[in-house]
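Asker: Straight from TrEMBL, here's the annotation block:
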type	residues	note
DOMAIN	1-305	domain 'FERM'
COILED	307-367	coiled coil
COILED	404-494	coiled coil
COILED	541-582	coiled coil
REGION	583-603	region 'Disordered'
COMPBIAS	583-593	compositional bias 'Basic and acidic residues'
Amino acid sequence: MQVKWKGRDLFDLVCRTLGLRETWFFGLQYTIKDTMAWLKMDKRVLDQDVPKEEPLVLNFLAKFYPENAEEELVQDITQHLFFLQVKKKILEEEVYCPPEASVLLASYAVQAKYGDYHPNVHKPGFLAQEELLPKRVINLYQMTAEMWEERITVCYAEHRGRTRDEAEIEYLKIAQDLEMYGVNYFFIRNKKGTDLLLGVDALGLHIYDPDNKLTPKISFPWNEIRNISYSDREFAIKPLDKKVDVFKFNSSKLRVNKLGSLIPNGICRRTSRLEWLAAEVRSPVSCSEILQLCIGNHDLFMRRRKVDSLEVQQMKAQAREEKARKQMERQRLDREKRLREEAERARDELERRLIQLQDEALMANEALVRWLALPTEPDSEDSIAPISHPSEPTCRQLRSEETADLLAEKAQIAEEEAKLLAQKAAEAEQEIQRIKVTAIRSEEEKRLIEQKKLEAEMLALKMAEESERRAKEAEQLKQDLQEARESERRAKHKLLEITSKSAYPVRSLSPGSLPPDLPNLSFSTECLSFDFKDTDMKRLSMEIEKEKVEYMEKSKHLQEQLNELKTEIESLKLKERETHLDILHNENTERGTSKQSNFKKVR
């Protein structure tokens, strides 16, 4: 890191190294005096209050969370980073997760790491060294590690066919409904001196009791906040509805001078520079940290409700193409895997048949030897010996010879079949080797495609920059057009004044009556017309309805899974070990409330 580098330079270097383009979710965090702070992008790194020891440790973490991970997170690397961070927060109990949801999340984490479940490979005990559940959940039930692994494995087996990316996004879709997901908490105090918690997240601002981080007392959505201002230690949240009282509070853990304001709707936003005077006891966060979180979350809130930028559209198009390519690649690999399994089954069957025929041939040879070794029965004294020619074979000898010929022929047939089966087994082995070589070649092609993908992304980034430059030029040309039209209007008005003062009769002005040196700046709006057909609207409505039905079915299936898991382990729960958050969550469940319903209710 160079001495003159600003926070933005270091942050961009990390993003380029990771190949990350969705940079607006992330930041660099550091620890100073047991306090977590974010690196400011517009200041030199060494001029900030970062630790002075070597080496300087900065954590690349998600600073802002999406409202809907599946829709907003485009790149696979972005999804993976969010998955790792959310998983860490749940396991370290920074985000409360009920036991049944913990088991289901653990099964998706196992799917993301190990791939599809195979009983012959994933035998009991393969998760013994994995940290998959919060310690709070493990201590809450009378269950051994083997019992937990069995529960997780049952769910894990149901996820067969999901890739790592799909398993991780399913993990995030469940985690984003947790009450504490994506919320940053700050200790505050209202005008009466009551200790409270301020929660800042993607949806708005929330006020909590210090002992209840799950259910907010009151919430302020971003689109209903007119502005947030602060003076010294006092903050004021001003709603759009002027009939609603202004909510004021202060941060009792710090003292800050300088005045500043934040207007989330972006009409006249301006934040002044802050200086620390003192930091007291626990959680000594600066007002600028709260304001920066508010600004970033509000900006993303507004961005989600606008048309995607050109860069995001390109990223989504590339993601769709990449997803389709991966789907085709996966289908091809599945087909080759299926063919290989069929070839292996055929080889095993041929080997089994070969062994069976060899055993039959051996038994036939042994029977022949025993038959020939049997002694001839002596003639009875009373019997009359048959008169036969010495050279004429006896009936027994004929039968022996026929049996020997038959067994020899059978042994020869068995040998030929064994050779044929051995040949087919060799051919099956060659087919397996060919499939393996094809798989290796596919991996090489995949690496080449990844390299081309990176080159295409760099080209797309350059195109996006060029498009932004062109857009700015178009905006400038639009302004010039407006000025020219205004000049035309003033020229017409001036010409009317001159002609009205002249002695000649005033003629009606038309485009042809204007001076020849004045350009015609009339603007046609025909090219901006849109033709919406009823069929398009019906098709769009059908697609929306279909997505809605699929979402409801998935939500119903997920809820059934959670209820089933909860029922299975409920009898083993130790009530006396329930934490305060467990009790609060159970009360919310009994009332039928959730994160979304709480947010709608307290608005």
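Quick reminder: no glycine exception, Cβ is built from N, Cα and C everywhere.
Keep in mind that TrEMBL annotations are predicted by a computer and have not been checked by a curator.
Help me see these features in their spatial surroundings.
Answerer: Mean pLDDT, taken over the coiled coil (307-367), works out to 85 on the 0 to 100 scale.
Within the chain carrying the compositional bias 'Basic and acidic residues' (583-593), a Cβ under 8 angstroms from the stretch's Cβ atoms is held by residues 96, 98, 179, 212, 214-215, 601, all 6 or more beyond its ends.
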Asker: Where DSSP helix means H, G or I and strand means E or B, what are the helix, strand and coil counts for the compositional bias 'Basic and acidic residues' (583-593)?
Answerer: 9 helix, 0 strand, 2 coil
